[in-house]
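Written out below as structure tokens is the structure these notes cover.
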């Protein structure tokens with residue numbers, strides 16, 4: 001038994017010597033205990049970075065949804081293009097999806113309360129219909145959804161629709177004007193528009209000065225042409241004033257518009273520049289007195305006057321007269337002179353005190369006062 005045990009130990013010993021005597025391959029080294037045995041590779045792998053959608057940026061700007069459709073023959077519908085060209089006499093039906101729809105269309109149709117246009121609100125859409133169209137109806141038609149809380153509504157900017165329609169009429173290249181001569185005021189602090197709009201989309205339109213006779217180029221810097229508005233003076237100044245007209249050419253025909261008198265405004269926009277002056281600040285009993293309130297402003301800006309005077313509570317009879325006229329202040333500068341005068345006859349003690357005038361326009365109001373004493 002011992003012999004077999006010794007023989008087995010001898011064989012194991014020889015086997016271990018054979019293993020330890022083997023040579024390692026070139027460029028190989030023995031693995032350390034616990035070393036990663038995964039075969040290394042030279043392949044480069046580009047890490048993938050997951051794309052994260054920026055929800056805040058996407059949600060901050062709501063998408064605008066066009067809600068307008070044009071009704072065609074036989075009940076067909078289509079989304080109207082930004083501009084449409086139709087023949088005068090054709091009917092137009094536009095629909096906008098929504099239970100509360102607001103509409104805007106050329107002011108010409110509203111000014112004369114034209115029965116050719118009708119606006120209706122149905123359960124699911126608003127409807128605008130225009131029949132027997134004319135070239136004067138050329139303009140923008142737009143709609144929008146309304147967000148209402150009770151009787152108070154506001155425009156939903158995300159649900160709108162619009163189209164500009166040219167109504168082409170034989171012999172009419174320009175949208176008709178109610179007069180043969182219009183005035184355009186040139187304000188130094190805002191754009192001015194010569195409103196010669198055409199009824200044919202493809203018409204070539206140029207601007208001309210009457211004297212000295214020459215074409216005024218729309219160079220895109222001082223003057224640009226907008227088919228929806230006309231010729232736009234971006235930065236008006238006094239050199240632009242004078243008489244101008246437009247010329248349109250289309251289909252081998254040409255036409256001249258009405259004439260426009262361009263007047264430069266010397267007074268910039270703002271609340272009324274107001275002064276007050278009494279005919280006398282000391283008045284004897286039984287005499288008459290007048291107090292004058294004067295405003296110099298833009299030619300096309302109306303001014304409203306209101307008065308507060310000492311005898312008002314006692315219903316003292318007075319006379320108030322408002323007038324205005326255009327005046328030229330040299331170098332072609334034109335301003336509007338607006339005046340209001342309050343007259344008190346047979347002056348009494350209750351008429352003594354402060355006479356207060358308030359002048360108001362679209363930009364604001366100005367209040368001035370003066371005193372009239374009893375002497």
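Each Cβ is built from the backbone N, Cα and C atoms, and glycine gets one as well.
Predicted, not measured: the structure shown is a model, and the values here were computed from it.
Annotated features, as they stand in Swiss-Prot:
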SIGNAL    1-21  signal peptide
REGION    22-64  region 'Disordered'
DOMAIN    62-159  domain 'Ig-like C2-type 1'
DISULFID  96-143  disulfide bond
DOMAIN    272-375  domain 'Ig-like C2-type 2'
DISULFID  293-357  disulfide bond
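In the predicted structure, the domain 'Ig-like C2-type 1' (62-159) carries a mean pLDDT of 88. Fewest other C-beta atoms within 10 Å: among the disulfide-bonded residues 143, 357, that description fits 357. In the three-state DSSP assignment, the secondary structure recorded for residue 357 (disulfide bond) is strand.
In terms of DSSP secondary structure, the domain 'Ig-like C2-type 1' (62-159) contains 11 helix, 53 strand, 34 coil.
Taking DSSP states H, G and I as helix and E and B as strand, the domain 'Ig-like C2-type 2' (272-375) has 6 helix, 64 strand, 34 coil.
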